[in-house]
């Protein structure tokens, strides 16, 4: 059994309850269970961590210091473990130079293709160029031979516009027997060559021969040209003395029309990360940073007095306001008028200056008002000057907030130098192919027919390109363009890109651990993703997937269900075996798979308040000038295949526009004409699955504000008052009450150098985080450490008489979070748990009934039972008069929505249109809707 299975014995990491479990090698195994039950702990923190740790420890101590150390999981033994690779939902790269093409290595193969089979063209005249042999050069010279004999010089350009005295070169040429040189355009005897100025750039041509171009001169001309080519690395100049015309010939690629010489192209010539290929103006980024008017005046509804000019609204605002006062007085404008209502000319003067026109400014000196006149430079020029002059990184960072990207004027965004940008394969440049979607690029590569030498050198390259593009299509990413920045990809897209890359690497004998690869993927593309996972398995690998998708579970070879509940009540193996047996099992997952439990379609759908929030002419990214109305007082679900424009519409356009108006957000808003109905909204909240804190010091108690009230309660106890303790005494972040041995962490890190760091419980406070004196203060028999160790359910009962926090406890329990501990570190919470804590905090606030809640794929990481709870919470928000908009693919959420907006029909350029909108039943009846097709099946059930 040990040979063909991976066996885990006594796993106790996080909330795992000393479990024993095994699953077959070379299989597709799904780990499922409620959010927080211990799925990811088993897959990532136990199996992957141990596989990676064993690999790292097999390396030398020197190599280990350069690699991240994994914590040793708390497990007795793992047998049959293979080297492990984790493919998680993290953004691929934040480097602005990384693109979809570079991350997948598709662009690397394109560079190779263009270096081997590309046809150079002149970047000025656009004509094809080619290298010339010596016979072609001689024929070209003789072809231009006139009827009347003419005098020519054959020159070898040995130095072209280079600084230096070049004394050694001239001495060497003299020894070789050459008699004349042409230095900086002047011919002289080599003996008469003057010492050259080392600080200036010079050009030196060797006069190889002087002859008369006439019949019978071919052999002498050939010998002279050969000599010149060998001297000048494949270049020769024919200087016609009678016509006073010079012609450059080269064995390398040269445009004879424009006289431009091109070096031999290599793969590095097409890399925007290499000095050989990058545009020198933008250093291969394709854009330049400059101050952007939209970031300087992000909110046009504010007046100048209210701080419309954001960089001038800070600590120096008094001085800047004097400038603005002088400007509005001179141009007869009103400083209290919203910026959008100021004249267009005056807006331009504020931003770009008054040119040469002088403005009277005032300054107070010794109680006197002194007037002086000068042109106003403009806010943008003032910021640019400060940015140029400052040497402070913090000032540059602060000013950088007001800068945007402008396409490079030299390379037009191609990121490459002119020579590389003009090379073509089948009439396409490399930047034109990079701008294609994966599907378009695949069609181009598969239809490419080369002949002769090009076909021979590029056959294997085209095969690799075709395969990698096909893998990208298989994981549902055919809409992504190859030049798209990797930093703009979602976690799900990044994960599927890495999945496609791993298939391309063709490794075998590896344990792959994946975290919900179906996230962000429409039901339409699920089958292709499953075939990709099977392909990875068939290469001879073990594929372990943390997943809730029903289709994936039923297609798996083996399923491990972790439960029965979450947190401290989870961590047990409820089922381990084939999916056909799980359907018959009595565990929670089995009940939902068999249909004995399910999320029911609501009997009645809310029609809302009758008011709408309407986005007009939305055109950001791939949106096709669409008008979209979101009914207020409803649960609206925005659906569509990956890349159809859902996030662009909801997050980049709707949310950012409302955040700019209500929260004075500085972030750019997606292109649109107008949004009506904003007056019906007084709060807009985007609830995502990001952690509630980045350090273990953040916990549910601090995030929801409960701990603030509890600390005040402890400070009011008689003993605390007698000792003079304030509420800060009961915080582990402040000196005084916390244990100073561990600084309030409860644990101490011991550095092991070339081994993983070891964390041990603090010997002084025994992990309780507070000092002895603080722990002596008790409320109802419990100290502050004991309160932090309570679950939400326990704390709810313990503080039942505290009206100020009872409602917050109640909402946490309602969202299914009663099992988590008050002081549980934020870093140990799952994405689904973090999201529900955020929702609970919003629910606990006083509702105005005019709040818009936006959630982006809230079902990520959630079991069907978790989704049932989530829907109940969202319904409660809507029933209070608020509006909820979710971006979602999960059919259980879509079928329970009041209103559905379906975008499509496909991703990328083929998306951005409204395919269907209305109730789920209406969308299900729309023939062209991919969502409608699958929704129809669910509603029929």
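Every residue, even glycine, has its Cβ placed from backbone N, Cα and C.
So that you can see what the record holds, here are the features copied from TrEMBL:
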BINDING   33-40, 640-647  ATP binding site
ZN_FING   255-282  zinc finger
DOMAIN    599-936  domain 'ABC transporter'
ZN_FING   739-765  zinc finger
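TrEMBL feature annotations superimposed on the structure.
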residue : record           : CB count, 10 Å
33      : ATP binding site : 31
35      : ATP binding site : 30
37      : ATP binding site : 30
39      : ATP binding site : 27
640     : ATP binding site : 28
642     : ATP binding site : 25
644     : ATP binding site : 29
646     : ATP binding site : 25
Completion exercise
For the zinc finger (255-282), the DSSP residue counts stand at 4 helix, 4 strand, 20 coil
Problem - Overall pLDDT for the zinc finger (739-765), taken as the rounded mean - result: 81
Fill in the blank from the handout: residue 644 (ATP binding site) falls, by three-state DSSP, under coil
